[in-house]
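> My questions will all concern the structure given below.
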Amino acid sequence: MTNAEMAAADGATIKSGAFGGIVLMERAGGAVADAALARFAAAARVHVLCGPGNNGGDGYVAARILAGKGLSVRLYALAPPKPGTDAALAAETWAGPVGGLDAFAPDPADLAIDAVFGAGFSGALPDPVQSALARAVDRRCPVLAVDLPSGVNGDTGQGAGAVACAATVTFYRRKPGHLLYPGRALCGETIVAEIGVRAARPTATFENAPDLWRGALPRPGADTHKYARGAVAVFSGPRHGTGASRLAALAAQRAGAGAVTILGHPNALDIHAAHVTSIMLRAWGDDPMAALGTLKGIGAVVLGPGFGDLPLARSLAAAIVDDKGPALVLDADGITAFADDASGLFDAARVRDEPALVLTPHAGEFARLFPDLAADAAAGKLAMARAAAERAGAVVVLKGPDTVIAAPDGRAAVNANATPALATAGSGDVLAGAVAGLAAQGMPAFEAACAAVWLHGEAGRASGPLAIAEDLIAALPAHLSKLV
Ligand SMILES: NC(=O)C1=CN([C@@H]2O[C@H](COP(=O)(O)OP(=O)(O)OC[C@H]3O[C@@H](n4cnc5c(N)ncnc54)[C@H](O)[C@@H]3O)[C@@H](O)[C@H]2O)[C@@H](O)CC1
Ligand SMILES: Nc1ncnc2c1ncn2[C@@H]1O[C@H](COP(=O)(O)OP(=O)(O)O)[C@@H](O)[C@H]1O
Ligand SMILES: [K+]
C-alpha cells in the first residue's frame, strides 16, 4: 500500500466506528514492544526516540509497555506531539521523563527504537534527528524502526540520512518504501503487524508474488497443439551477435511456449543452426521487413536483444504495433531504437484495448526512452514506471534489484525475490524471452511480465550466486511447474 492508500485504510477503519485511532495506535505500539521483547529482550537499556506525529505516538505506547515489563526505558522527543492528536493522548500515558534528542547516548548493549518519522515524513531529515541516528550507528546500538526507518519515504524508498536498522515493524501492509532500494536495505528484517486495519478499497500497488498472477498462468487443455500452446518469434542479431536472441528464444520455450522461431539473416541463422535443435529458424533474405509476413499465428515477438540495427528495429517494431500484430516485447536495442522519438510507437500502442507492448528497460534504457521521467528522480521508481506505462500504453518492466512492473491502467508491482546472481550478461535477454513465452500462451501482458520477473528471480536463487544466463533458463521450469 502506498502512504495514501494506507492513510485511506486507517481513516476508513476509524470511520467505521469499530475503534478509534488511539486503539490502532495502542496496537501499533504494542506490536513494536512485542518485536523488541522477541528480539532484544536482553537489551541493557531501551532508548525510544519520538517525533511529533503519530509515529512518535507509537513510540510513547511502546515505551510505556516496555517499562511496564521491567525494562530500563529512556525516552527522547524531537518536539512535543501536536495537541489534540492521538499521539498527544499516547504521550499522556508515558509517566517517565522526556529528554531532548541530544541526550541520547546509546551503548552497544542497548536498543534504540526509532519512532521519529514514519509515513507522514517528506523532505530532508532535520539535523538533530540525523545526528541522533548516526550516534546509534557509531555506537553500534541496534535500531528497531517503527513503520519505516526515519527519513525513508514510504512511497519511494528514498532516504537521505536514514540509517540501517536491525528490524522494522510496519502495520497492516508493507509500503513501497519497504521494497524499493535503498529503503529495503535500511529496513532490515521487516515485520508486518496486523493491528486491525480494514482496507477501504482495492489497491493498485502490489508486492510481486504468485497470488497476483497464478490464476492467469497457462494451463494447456488436453486438445491443445504446439501453436495453440504459444508461438513466439525472436528477431536475431547479426552473424556475430546471435547469442542474446538465442537466450531469449530458449527462455520462451522454457516458459512453456509450444513453438519458437528465430527470424534472421541467413548468415546469422547458420550460427544458430549450430546451437539449437527444437527451435525453428526462418531466414529473411534481402528484405528484413518481409519477415513481418511470417508473423501470422505468432502470439508474441521479442525484438531487441543483440539486434544491432537500430533503424531496422524501429521499422519492425513500429510495423508490428501499427498492424495490431502479436504482443511485442521490446528490449535492449529495440528500446534504444526509439530514444529520439517514441511518440508514434506509443500512440499506436495506446489504441489497443489490452496492452500488447511490453518494454523491459534497465535504468539506462529507461532514461533514453523517458528522459523527463528519469530526470525527476525524487518521484521514485514506482511513480516513474507508472507514468511511463500510462504514456506508452505499454506494460513497463523497469529492471534492477527492485524491478517495478507497471500497467497503463495504474496497477504496479514491486519485485522482491531477485538476487545479485541476476546481474550477469544475458540475464535480461532471458527475462524478455520468458515474458514473451508466457504472453504467447495467452497470459495478459501485465500478468505475464509479473510472472516472468518473479520466475526469473526464483531461477536466480536456485542457480546459486555464480549463475550464468544459461543456468537461469534451465531453472525456469521447476518454479513454473510448481505453480500450475
Ligand atoms: N491512525 C493512524 O493513522 C495510525 C498511524 N500510525 C503511525 O502513524 C504514522 C504516521 O503518522 P503521521 O501522519 O502523524 O506522520 P509521522 O509521525 O510520520 O510524521 C509527521 C510529523 O512529522 C512532521 N514532518 C514531516 N516531514 C518533516 C520534515 N521533513 N522535517 C520535520 N518535520 C517533518 C510533520 O509536520 C508531522 O508533525 C505511521 O507511520 C504509524 O507509525 C499507527 O499509530 C497506526 C495507526
Ligand atoms: N543487483 C541485482 N539484483 C537483482 N537483480 C538484478 C541486479 N542487477 C540486475 N538484475 C536483474 O538482471 C537482469 C539484467 O538485465 P539487463 O540489464 O538487461 O542485462 P543484459 O542486457 O546483460 O541481459 C534484469 O532482470 C535485472 O532486474
Ligand atoms: K520511524
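Every residue, even glycine, has its Cβ placed from backbone N, Cα and C.
Marked as domain 'YjeF N-terminal' by TrEMBL: 6-203. The feature (6S)-NADPHX binding site is assigned by TrEMBL to 54-58, 118-124, Asp147, Ala244, Gly306, His362, Asp429. Taken from TrEMBL, the feature K(+) binding site applies to Asn55, Asp114, Ser150. The feature domain 'YjeF C-terminal' is assigned by TrEMBL to 209-483. The AMP binding site annotation in TrEMBL covers Lys399, Gly400, Pro401, Asp402, Thr403, Gly428.
Could you place these features in context, so I can see how deep they sit and what lies close by?
The predicted model assigns the domain 'YjeF N-terminal' (6-203) a mean pLDDT of 95.
The Cβ of Asn54 ((6S)-NADPHX binding site) has 25 neighbouring Cβ atoms from other residues within 10 Å, across all protein chains displayed.
Secondary structure at Asn55 (K(+) binding site), as computed by DSSP, is helix.
Residue environment of Gly400 (AMP binding site) contains 17 other Cβ atoms, counted within 10 Å of its Cβ in all protein chains.
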> Within the chain of Ser122 ((6S)-NADPHX binding site), which residues six or more apart in sequence place their C-beta under 8 angstroms from its C-beta?
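The answer is Asn153.
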> So which binding-site residues out of Asn54, Asp114, Ala119, Asp147, Ser150, His362 end up within 10 angstroms of Gly400 (AMP binding site), measuring C-alpha to C-alpha?
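Checking Cα-Cα distances against Gly400 (AMP binding site), the binding-site residues within 10 Å turn out to be His362.
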> Apart from Lys399, Gly400, Pro401, Asp402, Thr403, Gly428, which residues in this chain have a Cβ no more than 8 Å from the mean position of the Cβ atoms of those residues at the AMP site?
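In sequence order, the nearby non-listed residues are His362, Leu398, Asn415, Ala418, Leu422.
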> Could you work out which of the binding-site residues (His362, Lys399) has its C-beta surrounded by the smallest number of other C-beta atoms within 10 A?
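Across His362, Lys399, these binding-site residues, the one with fewest Cβ atoms within 10 Å is His362.
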> On the three-state reduction of DSSP, what should I expect for Asp114 (K(+) binding site)?
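DSSP assigns Asp114 (K(+) binding site) to strand.
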> What binding-site residues in Asp147, Ser150, Thr403 place CB under 6 Å from ligand 2?
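Checking each Cβ against ligand 2, the ones under 6 Å are Thr403.
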